[in-house]
Structure formats: C-alpha cells, structure tokens
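In Swiss-Prot this protein carries:
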SIGNAL    1-21  signal peptide
DISULFID  23-35  disulfide bond
DISULFID  29-44  disulfide bond
DISULFID  34-67  disulfide bond
DISULFID  54-75  disulfide bond
DISULFID  69-81  disulfide bond
C-alpha cells in the first residue's frame, strides 16, 4: 500500500510540473526560454546551447521541435547550434 501511495504522489508531482511549464506563446516563458512543441502540447524550453538541437528564429516565434540558439550561436542547416 505504501508503494502505491508513493507512486501516486510522484505521478501527481510530475503532472504538476508538466502543467506549470505549459505555454501558449513566447510571452508565457521566462527569459532564456521559448514556447515550443506541437499545437496541443507546448512547453517553455531553454534556448539551444552549443551542439544542441535548434530551430532558426522566425518572425512569428512559433517553434515545434526546439528553440532558437542562445546569443552568439547560430542554427546550422542540420538544426544544431554552433558558433556564429
């Protein structure tokens, strides 16, 4: 019974964390993060660091697979952040 209670508690905490990171637009995210994901499941994610997955910046600030790169990095043709 204790194991079931612990598992349920961990699950509830995980769900609360997921819900708290959801976003509808860039304005919902803190500095250094962007709103990315599918139409129904967007989350605030950190901008890409060196070698990490990225999407090029766009004027609509709509991203599906990842965020743009951190400052002083560029998103390469293979969607990885690298030195500009």
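Placement of Cβ uses the backbone N, Cα and C atoms for every residue, glycine included.
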Local Cβ density at residue 23 (disulfide bond) - other Cβ atoms counted within 10 Å: 17
DSSP-derived class (H/G/I helix, E/B strand, else coil) of residue 34 (disulfide bond): strand
For residue 23 (disulfide bond): DSSP state (helix, strand, coil): coil
Entries of 34, 54, 67, 81 which, being disulfide-bonded residues, have CA atoms within 10 angstroms of residue 23 (disulfide bond): 34
Listed disulfide-bonded residues 29, 44, 54, 67, 75, 81, filtered to Cα within 10 Å of residue 35 (disulfide bond): 29, 44, 67
Residue 67 (disulfide bond) versus residue 29 (disulfide bond) - Cα distance in angstrom: 12
Rounded to the nearest Å - Cα separation of residue 54 (disulfide bond) and residue 44 (disulfide bond): 14
Same chain, 6+ residues apart, C-beta under 8 Å of the C-beta of residue 75 (disulfide bond), given in sequence order: 48, 54, 55, 56, 57, 68, 69, 81
For residue 44 (disulfide bond): intrachain residues, at least 6 apart, with Cβ closer than 8 Å: 21, 22, 23, 28, 29, 30, 33, 34, 35
Residue 29 (disulfide bond) in three-state DSSP notation: coil
